[in-house]
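K.L.:
Structure below; questions to follow.
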Amino acid sequence: MFKFFSSFGDSNEKEIRALEPLVDKINQLENSFTTLSDEALKAKTIEFRARLKNTFETTTAGIQEDITSTTAELAEAQKIADNSKQSRLKAKLESLNKDLSAKENTALNGILPEAFAAVREASRRTIGLRHYDVQLIGGIVLHHGKIAEMRTGEGKTLVATLPLYLNSLLGKGVHLVTVNDYLARRDAYWMGPVYHALGVSVSSIYPMQTPTEELPSRLFDPDYTSEIPGDPWTHFRPISRQEAYKADITYGTSTEFGFDYLRDNLRPDLAQCVQRDMNYAIVDEIDNLLIDEARTPLIISAPDTEAGKLYDVFARLSPRLVVVKDYEINEKDRNAELTEDGWANVEKLLSREGVMKGNSLYDPQNAPLIRHLRNALSAKEFYKKDHQYVVKEGEIIIIDEFTGRMMLGRRYSEGLHQAIEAKEHVKVQQESKTYATVTIQNLFRMYRKLCGMTGTAATEAEEFSKIYKLEVVIIPTNKPAVREDYGDQIYKDQSAKFKAVVNEIDEMRKLGRPVLVGTVSIENSEMLSNMLKRQGIEHKVLNAKQHEKEAQVVAEAGKPGAVTVATNMAGRGVDILLGGKEPTKDDAKVYNEWQAHHQQVLEAGGLHVIGTERHESRRIDNQLRGRSGRQGDPGSSRFYVALDDDIMRRFGSERIQGIMEWAGMDENTPIENGLVSRTLENAQKRVEGYHFDVRKHLVEYDDVVNKHREVIYAERRKILSGADLKSNILDMIREEIITQTAEHTRGYDSSEWNLDGLVTHLNGIFTLPAEINAEALAKLSQEEITDLLTRTAEELYQKKEDETGAGSMRLLERIIMLHTLDSLWVEHLTIMENLRREIGLQAFAQRDPLIAYKNEGHVRFQELLETIKHDVVHNIYRVGIQIQHQTESATAKAASRPVQQQKPLPAAPAAAIPGVSAKAATQSTTPAAKEIGRNDPCPCGSGKKYKKCCGK
């Protein structure tokens with residue numbers, strides 16, 4: 001059965017052949033599992049877990065202990081900024097984790113044949129699907145932590161059940177990451193009976209619609225029946241978020257997994273956290289998420305009260321600036337720079353508006369104006385209505401450049417979204433303050449084992465390898481592919497190209513073939529739709545404006561003569577079946593009619609795919625082609641290209657224009673030859689390489705803040721887990737006393753010491769006894785002063801604890817540490833955002849901006865750690881025990897606010913998958929209390945107003 005593997009490259013072929021013996025073992029076990037009763041099959045899971053437990057107890061106990069002790073050492077080294085020790089401990093920790101993973105995988109490999117055989121049998125019994133041998137290969141590749149490239153229609157959903165079940169046996173939880181919420185629900189529910197037959201629980205996490213929603217998730221439970229009439233998810237029992245993550249297998253989107261991670265790191269109590277450690281994840285359509293979506297940060301934010309009228313000012317100003325005369329644009333990098341005349345013109349216009357301070361835009365106090373100007377010019381030149389966004393019900397909604405879907409709840413960051421709102425004269429929303437953020441790249445690099453599935457990964461193999469250390473393995477199809485991919489046809493302009501597209505659509509539908517037409521924008525899909533209407537050609541349009549219906553539309557796109565115009569990859573994840581969606585066999589007449597349609601389309605040649613423009617990524621083109629020819633069905637594809645297409649205009653059109661003129665061809669005559677195709681492919685490779693470099697560079701920038709986040713979140717976990725904070729705080733107090741004593745007692749002669757200043761400073765922390773004053777200290781040596789003050793501080797600390805009670809003091813320590821850490825971390829994120837925005841100017845000083853950013857970021861982080869110590873020391877003696885009635889920090893409150901997924905200002909075109917507005921849920925552990933006014937005294941006893949303290 002492996003005879004057709006010879007068509008694959010040597011390395012891929014060897015990889016596949018090496019798995020043959022394992023597939024044979026699974027097949028040999030099939031008969032023995034077929035004879036098992038349902039109870040005996042389910043009992044296999046208990047047996048597998050017991051065997052794994054016995055193996056782990058004998059092989060991993062020592063490693064687990066070493067990991068725990070090394071993690072504690074690393075946390076201490078990070079606090080004292082011992083870089084050498086940190087590097088050594090990180091290397092040791094990485095080695096230990098690799099050893100642990102290796103032993104776990106060895107144990108899992110030992111039961112893999114039996115586990116896969118059990119899943120295959122459970123699937124056959126419950127949903128009537130038996131895994132093909134090539135699907136077993138795909139499952140093995142995923143278990144090994146690699147990317148399985150599988151063609152459209154090869155059953156990726158079913159393949160995932162194999163490694164998900166196997167890895168769930170460890171009891172650490174496994175995640176299946178889908179591209180949208182519908183697929184997370186559909187796949188978990190569809191495969192639910194398979195897992196249930198094996199005694200394994202499966203859940204699906206839903207987007208939380210309100211901050212108080214208690215059951216935003218579902219668990220597959222055959223014993224539960226929904227009371228909602230016609231509910232398609234009748235056996236999905238509502239459960240809490242925590243229960244969903246306690247399930248053996250959890251399905252969800254990247255945004256939900258990511259926001260839950262961020263929300264957990266904002267919560268005031270570990271009992272409210274929902275996620276377990278990130279163990280094993282399978283990412284469906286992994287190229288979409290880790291390549292197209294890689295640069296998109298997940299951000300939990302709250303409105304910032306600054307800025308407002310400036311957006312309107314610059315929206316009025318930018319149309320009065322003339323390209324070339326006032327500014328120059330760089331389409332490749334998507335930026336605009338003022339000319340010398342432009343600077344003068346802008347200064348004159350801003351002075352007239354009364355917003356510029358001083359006489360020059362270069363004045364430092366006018367720095368915010370530069371950001372507004374850049375955003376206004378970007379909004380004008382690079383962000384076009386119905387291309388990058390649509391205006392719907394008074395809101396700017398981003399359009400995914402790859403799928404054409406509307407990304408509800410998503411906003412451009414750094415003020416760009418507000419600039420577009422001002423340009424389109426809709427209400428300008430407030431800017432936001434970031435409370436927590438993580439990029440998709442860094443989120444998924446946290447998993448101990450990561451793998452993925454897609455139909456198109458080979459073209460991005462280098463990026464997967466270098467950034468994620470993931471190997472791509474091409475899985476053979478179950479049946480040979482017979483789709484015919486015709487050569488590209490090149491026309492002089494858009495008009496001639498779309499006329500040819502309409503003609504080909506008409507020809508194909510008259511043959512009884514269904515036609516799928518891919519466009520790159522909503523504007524193009526609607527223009528083509530109008531052309532088809534004028535020709536009297538019936539069709540359906542699938543774009544971001546109708547994405548609610550996309551699953552139904554795509555499912556029917558395979559009917560004889562059906563014409564579907566889709567914005568790029570809208571409907572991804574839903575198969576196009578020849579003849580239309582296959583009905584059940586309950587109605588014989590309907591089923592026979594479908595069979596007749598199915599046979600008619602097969603005989604006509606299958607689905608024909610037309611691409612109306614080459615994408616910047618070959619992978620996206622391949623995804624469109626891949627909708628045709630599924631599971632050995634016949635099909636064909638062709639791309640139409642015009643010289644004024646975006647990619648042709650930016651890369652390579654001059655050469656092809658010369659060829660057409662040399663050949664003396666008119667606008668209605670296309671070119672179709674190998675040279676043109678190679679030129680196009682080379683242009684795509686250059687763009688892909690450029691985007692790869694951008695993403696790789698951004699990873700290096702993101703890693704700076706990522707390291708900071710790891711330290712802060714680890715410290716936060718220690719605080720919430722009940723660590724010995726008293727010792728930590730007393731150490732901080734001792735450090736402060738040592739530092740201040742050294743600062744105020746410089747010089748050999750005690751007459752030069754500033755002891756009055758030392759006493760004044762320490763009285764700002766705690767009240768010194770009357771007998772400890774400057775005169776008394778003048779009689780002591782520097783060492784004696786330090787000892788006396790340290791002893792006094794410890795006595796005062798103990799006195800406070802005796803007065804308040806040990807329990808209340810521990811609570812006080814936790815809340816002060818948490819509040820200080822959270823509030824200063826938010827400020828640090830803002831500082832780092834501003835630093836990153838401005839660091840590019842370092843290039844003018846012949847300095848590498850990345851190195852400058854790393855160095856400056858390190859300085860800022862050390863300042864953050866010192867400020868945390870300073871604020872804790874200066875508050876711990878002054879704050880009263882009333883704080884026990886108000887336990888949430890400002891950042892913890894942000895966990896109950898709406899969150900947004902934002903896109904960064906792109907240095908190059910970036911793609912994104914559909915996002916949804918997400919809202920966090922906070923389960924309060926404190927008793928209900930009277931609402932506190934913003935100007936009331938803070939209940940923590942600090943003496944400050946609530947809005948200036950815990951109400952920040």
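Cβ atoms here come from the backbone N, Cα and C positions, even for glycine.
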K.L.:
Looking at 187-226, 827-866, 907-946, which one does Swiss-Prot call region 'Disordered'?
P.N.:
907-946
K.L.:
By a simple count, how many Cβ atoms lie within 10 Å of the Cβ of ASP575 (ATP binding site), its own Cβ left out?
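P.N.:
So the Cβ neighbour count for ASP575 (ATP binding site) comes to 17.
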K.L.:
With the ATP site defined by the record as GLN135, GLY153, GLU154, GLY155, LYS156, THR157, ASP575, how many Å span the farthest pair of C-alpha atoms?
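P.N.:
Output for ATP binders GLN135, GLY153, GLU154, GLY155, LYS156, THR157, ASP575: max Cα distance 17 Å.
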K.L.:
Please determine which of the binding-site residues listed here (GLN135, THR157) has the lowest count of neighbouring CB atoms within 10 Å.
P.N.:
THR157
K.L.:
Write out the long-range same-chain contacts of GLY155 (ATP binding site), meaning residues 6 or more apart in sequence whose Cβ is under 8 Å from its Cβ.
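P.N.:
Spatial neighbours, sequence-distant, of GLY155 (ATP binding site): LEU129, HIS131, TYR132, GLN135.
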K.L.:
Taking the centroid of the Cβ atoms of GLN135, GLY153, GLU154, GLY155, LYS156, THR157, ASP575 as the ATP site, which other residues of that chain lie with their Cβ within 8 Å of it, listed in sequence order?
P.N.:
MET150, THR152, LEU158, VAL159
